[in-house]
Every structure is written in C-alpha cells, then in structure tokens.
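Quick look at what TrEMBL lists:
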| type | residues | note |
| --- | --- | --- |
| DOMAIN | 2-216 | domain 'Cation efflux protein transmembrane' |
| TRANSMEM | 24-44 | transmembrane segment |
| TRANSMEM | 64-83 | transmembrane segment |
| TRANSMEM | 95-116 | transmembrane segment |
| REGION | 123-148 | region 'Disordered' |
| COMPBIAS | 123-132 | compositional bias 'Basic residues' |
| COMPBIAS | 133-148 | compositional bias 'Low complexity' |
| TRANSMEM | 158-179 | transmembrane segment |
| TRANSMEM | 191-208 | transmembrane segment |
| DOMAIN | 220-295 | domain 'Cation efflux protein cytoplasmic' |
C-alpha cells in the first residue's frame with residue numbers, strides 16, 4: 001500500500017494529473033485504516049500505568065482524527081486546483097505518464113482483489129465440514145464456527161472495498177486514455193477529482209462519526225441500552241437498576257459500569273448476582289471491561305413538602 005500510494009502520487013505529480021493524485025489520496029485512507037489496526041494491536045499489548053489506568057487505547061482515536069484531517073487538507077488542496085483548472089483551463093497533462101500510472105493503479109487493485117478472493121475461497125474450504133449435517137447448538141465448536149464466519153465476512157468486506165477501489169482506478173484509466181488521445185478533453189481530469197473527492201468524504205465521514213461518539217463517551221451503535229437493562233432485570237434477585245453507564249475506550253473495546261439494587265432479603269446472594277451480571281455483560285454483550293456495583297434494598301420514604309402539609313391542614 002505504501003509503495004503503491006507513493007507510486008500513484010508521484011506519478012500523478014509528474015504527469016500533472018489531479019485525478020491520479022486523488023486516486024492516491026483514496027488509497028491513503030486505506031493505508032490509514034491498516035496503520036490504525038496495527039496501532040490498536042500494539043496498544044492492546046501495553047499495560048496500563050498509574051497515570052493512564054485505562055491504558056492507551058484512545059491514542060488510536062487521536063491518530064484516526066489526525067489521519068482524516070491530513071486527508072482532508074490534501075483533498076482541499078486538490079479541489080482548489082481542480083476548480084482553478086476548470087475555470088482557467090491553462091494546464092497541460094502528460095498523457096503518457098498519466099496512462100502508465102493509471103494502468104499501474106488498475107493492476108495493483110486487480111492483484112489485491114484476486115488475493116482477497118482467493119483468501120476467501122481458501123478460508124471457506126479449509127473450514128468446511130462435509131460430514132456434519134446437523135449443527136449442534138450446545139457444541140463447543142459454536143464459537144469456533146462463529147469466529148470463522150466473522151473472518152469470512154471480514155475478507156468479503158475487504159474484497160468489496162477492493163472492488164470499489166478497482167472501479168475508481170478504472171475511471172482514472174479511462175480519463176487517462178481520453179486525455180492521451182484527445183488532449184482537448186483534459187477537463188476529464190478535474191471532473192475525476194470532484195467525483196473521487198466525494199468518495200473520499202463518504203469513506204472517512206463514518207470514521208469521524210465513530211471517533212466523535214468515542215470521545216463524547218457515547219454508547220456504541222451496536223448496543224441497545226434498553227435491551228441490556230431488560231436482560232439485567234431478568235437476573236434473579238435484582239430489584240432495580242440504579243445506574244448504567246456504557247462507553248468505548250476505543251473501537252471494539254466497550255466498558256460498562258452498572259449499579260444494581262437487590263430485592264429485599266437477598267443480600268447474602270450478592271456474589272451470585274454479581275457473577276451473573278458480569279457474565280451477561282462480558283459474554284452476551286461483548287464488553288471489554290465491566291464493573292458491577294450492588295446494594296441492598298432500600299425502601300424509598302415518601303417525603304411530603306411543607307406546602308402540601310400546610311394545605312392539607
């Protein structure tokens with residue numbers, strides 16, 4: 001990815017083609033995603049400190065914001081140049097270099113799509129079990145097959161994304177072909193920049209929304225607070241939920257703090273209730289960390305205000 005990005009961007013610069021540089025910018029967003037994934041894996045291995053008791057997971061969020069802002073700055077510069085070219089039309093494009101660079105981009109995306117497609121086929125074949133016809137819901141292999149399904153979906157999602165990149169690269173190649181043999185239609189270059197800039201925004205706006213939710217400590221989109229409360233209330237000896245806070249340290253690492261009140265006379269069962277609540281949050285809802293606080297039943301006393309007492313008298 002790094003080599004391809006540098007090749008496309010430098011080739012677009014030499015050819016004076018904004019379309020190719022914007023295509024390289026889109027690839028930069030993919031490169032940022034890979035870097036963030038590696039950063040998340042590295043940070044997850046670091047132990048919390050006395051100052052940062054939750055660890056350093058939020059650094060992934062900060063790096064995501066910085067990378068997106070960098071992409072937007074470059075995109076704004078390319079859009080400005082595209083507008084100037086559209087208005088004045090006083091530029092020349094090296095059609096040969098643009099055509100060669102665009103062809104390299106298509107070739108790279110074809111190779112990536114082929115490798116991802118082969119990876120998906122190999123994954124599905126290597127984990128198929130032709131002799132088992134009836135799935136066992138209580139089998140210990142259930143979680144194993146579920147992880148295989150998630151991996152397969154991840155490969156398919158990456159394959160679909162690679163197809164999108166391929167379509168964009170083919171569009172650049174078509175524009176390069178037009179400009180190479182019909183230089184009077186060089187307006188195709190800034191037009192491609194406009195279209196691909198929209199694609200870059202659509203690709204990155206989800207990242208900004210997700211990081212915004214994390215920074216504001218909002219509930220992740222895949223969790224339903226009402227559903228969690230309903231399941232907690234189904235635990236035996238739980239009388240009420242006094243408080244429930246859910247937020248994310250970073251993408252995929254959700255934390256919860258819940259304050260439960262026990263039914264009258266069940267204070268001795270607090271360990272069992274706490275264990276069930278933790279199991280529900282960690283296993284059923286996939287929390288990264290959780291804290292379950294318990295208190296014995298306290299009957300609310302009805303307090304009548306002074307004005308009500310005087311009016312009733």
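Yeah, the Cβs are placed from backbone N, Cα and C, and that goes for glycine too.
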Open item on the list: With CB pairs under 8 Å as the measure, which of the listed stretches 64-83, 95-116, 191-208 comes out on top against the transmembrane segment (24-44)?
Closed with: 64-83
Task: For the transmembrane segment (64-83), sequence-distant contacts whose Cβ falls under 8 Å of one of its Cβ atoms, 6 or more beyond its ends - done: 18, 21-22, 25, 28-29, 32, 35-36, 189-190, 193-194, 197, 200-201, 204, 207-208, 211
- [ ] Take the domain 'Cation efflux protein cytoplasmic' (220-295) and count its residues per DSSP category (helix H/G/I, strand E/B, coil), listing them in that order.
- [x] 27 helix, 30 strand, 19 coil
